[in-house]
Amino acid sequence: MMPLDSNLEPYPILRYPDPRLRTVARPVAQVDERVRKIVRRMFATMYAANGIGLAATQVDIHERIVVIDVSDTRDQPLVLINPEIEWASEEKRKGEEGCLSVPGIYDGVERSVAVRVRALDEHGASRVIEAEGLLAVCIQHEMDHLMGKVFVEYLSPLKRERIRAKLLKAQREAQREVHRPAAPATRSRRAAPAETSA
């Protein structure tokens, strides 16, 4: 297990419908200290946002890197570099999903109930993960991000447009809040009188 640093500054998370979320991630050429630093900061970002998974695409890094921790105790970090699904069950189940890039939105998505994934770990070693349940869903969700796909794209065009409009409105309101001028300070009764010209 790699050492995690909760003092690292989280990355800003891209919000849907940011076009950068549609970028297809490229494979990691070499797993080195640069990649491990990205992984550590991605974990810091995911934990700070109370997420269970994060793809590098979501933090504007377009490499095939995923971090996951579906444990209740937040102490089972899983790193997937250049992940590939080798097998997915024919049995599928529809379950409610959310996403750190689509805040406050949850909807049903159909996924395979089990998958087998081959990936590199943070040291560059090859590993195979057999996953089912929540972990399988999370892996599929995060790997979609690496292909430039956000979970809302599984929904109807009408639902997608409503979500897009809602999030754009929230982003505009947040921007207005940031740029709103501060209220003028009220003068204290004990403040000195203003100077007057003679």
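Backbone N, Cα and C atoms are what each Cβ position is placed from, and that goes for glycine too.
In sequence order, TYR16, ILE105, HIS141, VAL150, PHE151, VAL152 make up the list of same-chain residues 6 or more apart from CYS99 (Fe cation binding site) whose Cβ falls under 8 Å from its Cβ. Reduced to three states, the DSSP call for CYS99 (Fe cation binding site) is strand. The annotation Fe cation binding site is assigned in TrEMBL to CYS99, HIS141, HIS145.
According to TrEMBL, the active site annotation covers GLU142. Under the three-state DSSP scheme, GLU142 (active site) falls in the helix class.
Annotation source TrEMBL lists region 'Disordered' at 172-198.
What TrEMBL records for 181-198 is compositional bias 'Low complexity'.
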(message) Return the residues near GLU142 (active site) by Cβ distance under 8 Å, restricted to its own chain and a separation of at least 6 in sequence.
(response) GLY53, LEU54, ALA55, VAL66, ILE68, LEU80
(message) At a 10 Å cut-off from the C-beta of HIS145 (Fe cation binding site), count the other C-beta atoms across all protein chains.
(response) 24
(message) For a quick check of packing: other C-beta atoms within 10 Å of the C-beta of HIS141 (Fe cation binding site), how many?
(response) 22
